Structure formats: C-alpha cells, structure tokens
C-alpha cells in the first residue's frame, strides 16, 4: 500500500466533469484506490463518493492505493489533479 | 474540524446569548456536562473546564450567599480559555461577576428557560449523537421492509442498479456510493448520505439521477439504522458460497458487529429480489423463525428415525 499527499491544482477543483475523468482514470487500475480529505476517505472509483468531498483547487488530498499497479495508479492520478488547466 | 461548536447548541436549543459572544466558535469536545456546584464552593482541583457548564437554581442560590470577593474569584476561575460555554437554566438572572469574567476570557454565557435536569438530558443526547464516532463506507444503504440493508461490493458490481430496482419495488434509498455511519449507541449504527449527494443515484449509462424528484418523497430517507450487510461479489467458481444459511457471518463496522451475507453476482440473477428476501428472512429470524435451523433439525430427526428402522 502506498500513500501520497498532493495539492489539487486544477483551477476549477474537482467539479462534476473533472471528477468523472478522475474516476475514469482510477477505474483503469485494478488496485483499490482511495482519496482522503480532512479525515474523510472515499473510494476513488466511485464518482458520488468523490464528489461528496467537494475538493476545491488548492486543497490537499491524500491518494492511497493498494494492489498490483498501485505505483502507476498514484502517479497517474497525482499528475491529473496537479495539472493546472 | 470540530463536529460541534457552541454556536450549534445556541441554534439548536434557542439559547439566549448573554455575553462572551467572541467565543461562540469554541469547539465542544465531550458530551459530558458539568454542574459546577463544588467549584462554586471553592474546590477547583478536579474542575472539568472542557465541558459545558450548567448553572441551575442550586448553584446560583448558593453563589448568592458568597462574599463579593469570593463571587469575583470563583467566576474568574470558572471561565477558562477552554470552557466551551456556561449555560444558566430556568431563565435565571446572570450574576454580573460572571458577565465580567466571561467577557474577559470570551467564554459564551447563555441562558435557557428550560429546567436544569431537562436541559441537561437534552444536551447530553444531542452532544452524544453529534460526537459519536463516525466512518464512511463505500456502498449503498437502502431501507427494505424497514430493515436497513447496507449493500457493499467492488465498483461496478451492480450496487446502484440493485438499489434502483429496490426503489422501483417500493423500498427507500438512504445513500448511494458513500454512506456516512455514526455509532449512536452501543450496537447501533446509523447511516446517512453526505449532504451534497443526498437523494442522488449514479447509474452507468444514465448518469446521476435524483430519486426524490423521480420517485417522490416516499422513495427516500435521510437516515436509517443499519441491521444487515450484503456484500455483492462477482461469481467466483472456485469459491464456496453458503448453501444452507446455518452459519452467520459477521462484519465489524466501528465497534459494532453486523450480520453479513455474501451474494455472488452473475448475469441474469435478480439481485433486488434476493436482497428483498434476505431482508425478510432477517426479520423472520429476529422473530424467532429460522428456516435453515428448523429444516436441519427435521433432517436430523429423520436420519435418527431411519437408524431405528434398521435396528
């Protein structure tokens, strides 16, 4: 299991569309992936859970992955939320 | 982030804020209350400063018998920088020394018209439910025949689709995808939806739908006690699934153990009906009727009878 703290740089934060893309990316991996914000942990493969966190630009989240492709998953998702557009 | 602040109890119990308004954002960290009678008498060795302080008729009438100097120092020691608030009950007069001391330390002083014991029990109840340990699980919570069923399973296994079918059959949705669970009492878990996604359900191919506007107010609930966990998993031909229902599997959430059923998913299996029957069977067991055990007992009898025939 690996964890990584990242700052969300997406200008709009994880609004509905970016969140859907995030979940889509997460679903490509077979590892269990979680997102944690302010002590609340949700499944990164579920869009509703992710959106219930209301992640804004500038907030710090923790990505947690556990499974065969955990490393690739974290890298991919971290780079996605750290994009600035 | 603190779960309850002094401001919340002011709003909830319609308390009158007398002084120390600067402190209304102080966090309340414990559901215990304190009635500082012994402190009024000057004994502060075990003063629980982090609790809400409740001053009723007993405390205040004793306080009136003190000398002006004692009055001043006692109130000063009562108002610390961690005290979340001091409440005067029965609409009693607030001593001027308390107002002075509370303004200095910005401890909110509030007044209620309720009687002390009544206020104290209502406050305790409210704080206990607010400060209860919580967790969030990935799953769907549905009220099926009055039984709170938490459906869990991997992403894409069909939890939301099962919930949709259940709602169509007249059951109620509590939360989809992310269920916030509070341990309200020993052995009592209550689930609710995060505010932002209340009433919503996500179905692959349809997107996000609002169950309340689609199916009406009768199709949703804000919270529900969880009694049963149903774990959906893709049918694994190498795994043995329960064929008898004699053994009861358990799963632990927070400090409470819940009965858990594992249901294998295969195309064409009507999961909603299975969940419905699981809920009904659960109720039946609670009422003392256990089909599996009754059958097993009958079978044992029949075998024993057969043995006698051979003798």
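Each residue, glycine too, has its Cβ placed from N, Cα and C.
Features as listed in TrEMBL:
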DOMAIN    B:130-298  domain 'HPr kinase/phosphorylase C-terminal'
ACT_SITE  B:138  active site
BINDING   B:153, B:154, B:155, B:156, B:157, B:158, B:159, B:160  ATP binding site
ACT_SITE  B:159  active site
BINDING   B:160, B:202  Mg(2+) binding site
ACT_SITE  B:177  active site, proton acceptor
ACT_SITE  B:243  active site
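Within 10 Å of the residue listed as 'active site, proton acceptor', counting C-alpha to C-alpha distances, fall the following of the recorded positions B:155, B:156, B:158, B:160, B:243: B:155, B:160.
Residue B:243 (active site) is 26 Å away from residue B:155 (ATP binding site) when you measure Cα to Cα. Considering only the recorded positions B:138, B:202, B:243, the residue whose Cα is spatially closest to the Cα of residue B:160 (ATP binding site) is B:202.
In the three-state DSSP scheme, residue B:202 (Mg(2+) binding site) is classed as strand. Of the recorded positions B:138, B:154, B:159, B:243, B:159 has the largest number of other Cβ atoms within 10 Å of its own Cβ. Restricting the recorded positions B:138, B:202, B:243 to those with a CA within 10 Å of the CA of residue B:157 (ATP binding site) leaves an empty set. Checking the recorded positions B:138, B:159, B:243 against chain A with a Cβ-Cβ cut-off under 8 Å leaves B:138. Counting only the Cα atoms, the space from residue B:243 (active site) to residue B:153 (ATP binding site) is about 20 angstrom.
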